[in-house]
Amino acid sequence: MLDLFKAIGLGLVVLLPLANPLTTVALFLGLAGNMNSAERNRQSLMASVYVFAIMMVAYYAGQLVMDTFGISIPGLRIAGGLIVAFIGFRMLFPQQKAIDSPEAKSKSEELEDEPSAHIAFVPLAMPSTAGPGTIAMIISSASTVRQSSTFADWVLMVAPPLIFFLVAVILWGSLRSSGAIMRLVGKGGIEAISRLMGFLLVCMGVQFIINGILEIIKTYH
């Protein structure tokens, strides 16, 4: 049971900086201004469900995609590392606010014409929370843990759905209490946390690339 808690904790530490619910909160506040409370709550719940579904598909179908297209694990690690590092650099040195992103702009225009427009899948679930970096990390981690003997088989079977469920619950709670979070942390606080998470992502991305290169050297040496 202790191994299960360790696996869940490790999964959350890896995924939460990538998912970064606080930036999704800022985006949600910008897009949901014209919605009533019931509609905001519904969009929050749907976004969380979509995030859970995307992560589950990435974890369980990722290996099939790799086999179909002939993608090796070192190649995936290097590609995933580049994506994660790029996202980290963008969080460290943001060029545009979340509300100014193309996805947010198109949704803002929809909301002006249609108050009940859906923002749960795009941009809240994808790409804000479960974006390319998150998906690459999940697929790469799935390939890695299946080859490792760190955790028992039952832990590797039970932990991933629980990790994805907890990420979805954290996102749901953050979106439901978005107003309170923004008042408590403030815009500057969210930016500071985003930059800190960006630095962590750059470090994780570089380590991914190093691991991929070392595995290539070990394979072909």
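Using N, Cα and C of the backbone, Cβ positions are placed for all residues, glycine too.
According to Swiss-Prot, the topological domain 'Periplasmic' annotation covers 1-7 (among others), on the basis of sequence analysis. Helix, strand and coil counts from DSSP across the topological domain 'Periplasmic' (1-7) read 6 helix, 0 strand, 1 coil.
Feature annotation from Swiss-Prot assigns topological domain 'Cytoplasmic' to 29-44 (among others).
In the predicted model, the topological domain 'Cytoplasmic' (90-118) has a mean pLDDT of 62. Among the features that Swiss-Prot reports, topological domain 'Cytoplasmic' is placed at 90-118 (among others).
With a threshold of 8 Å between CB atoms, the same-chain residues lying at least 6 positions outside the topological domain 'Periplasmic' (140-154) that come near it are 3, 6-7, 11, 14, 58-60, 62-63, 66, 73, 76-77, 80, 160, 208. Swiss-Prot lists 140-154 (among others) with the feature topological domain 'Periplasmic', giving sequence analysis as the kind of evidence.
Look at Swiss-Prot and you will find 176-196 (among others) tagged as topological domain 'Cytoplasmic'.
The topological domain 'Periplasmic' annotation in Swiss-Prot covers 218-221 (among others) and rests on sequence analysis. Long-range neighbours of the topological domain 'Periplasmic' (218-221) within the same chain, counting only residues 6 or more positions beyond its ends whose Cβ lies under 8 Å from a Cβ of the stretch, are 74.
Residues 43-44, 47, 51, 55, 84, 87, 91, 97-99, 101, 104, 119, 123-124, 128-131, 133-134, 137-138, 141, 159-160, 162-163, 166-167, 170-171, 174-175, 178, 181-182, 185, 187, 190, 193-194, 197, 200-201, 204 of the same chain lie 6 or more positions beyond the ends of the transmembrane segment (8-28) yet place their CB under 8 Å from a CB of it. Here Swiss-Prot flags 8-28 (among others) as transmembrane segment.
Residues annotated as transmembrane segment in Swiss-Prot, with sequence analysis given as evidence: 45-65 (among others). Below 8 angstroms of C-beta separation, residues 15, 19, 24, 28, 71, 118-121, 124-126, 129-130, 134-135, 138-139, 142-143, 146, 160-161, 164-165, 167-169, 171-172, 175 of the same chain, each at least six residues beyond the ends of the transmembrane segment (45-65), sit close to that stretch.
Among the features that Swiss-Prot reports, transmembrane segment is placed at 69-89 (among others).
Taken from Swiss-Prot, the feature transmembrane segment covers 119-139 (among others), and the record attributes it to sequence analysis. Within its own chain, the transmembrane segment (119-139) has Cβ neighbours under 8 Å at 14-15, 18-21, 23-24, 27-28, 31-32, 43-44, 46-47, 49-51, 54-55, 58-59, 62-63, 65-66, 76, 79-80, 83-84, 86-87, 98, 101, 103-104, 107, 111, 171, 175, 201, 204, counting only residues six or more beyond its boundaries.
Residues or ranges marked as transmembrane segment by Swiss-Prot on the basis of sequence analysis: 155-175 (among others). Counting only same-chain residues 6+ beyond the ends of the transmembrane segment (155-175), those with a CB under 8 A from a CB of the stretch are 3-4, 7-8, 11-12, 15-16, 19, 21-22, 24-25, 28, 40, 43-45, 47-49, 51-52, 55-56, 59, 124, 129, 142, 145-146, 181.
What Swiss-Prot lists as transmembrane segment is 197-217 (among others), and the listing cites sequence analysis. With a cut-off of 8 Å between Cβ atoms, the residues of this chain six or more beyond the transmembrane segment (197-217) that come close are 14, 17-18, 20, 73-78, 80-92, 133, 137, 140.
Distant neighbours of the topological domain 'Cytoplasmic' (176-196): 20, 22-23, 25-26, 28-29, 32, 41, 44, 91-92, 94; these residues of the same chain sit at least 6 beyond its ends, with a Cβ under 8 Å from one of its Cβ atoms.
The list of residues near the topological domain 'Periplasmic' (1-7) in space but at least 6 beyond its ends in sequence, with Cβ under 8 angstroms from a Cβ of it, reads 151-152, 155-156, 158-159, 162-163. The DSSP breakdown of the topological domain 'Cytoplasmic' (29-44) into helical (H, G, I), extended (E, B) and coil residues amounts to 11 helix, 0 strand, 5 coil.
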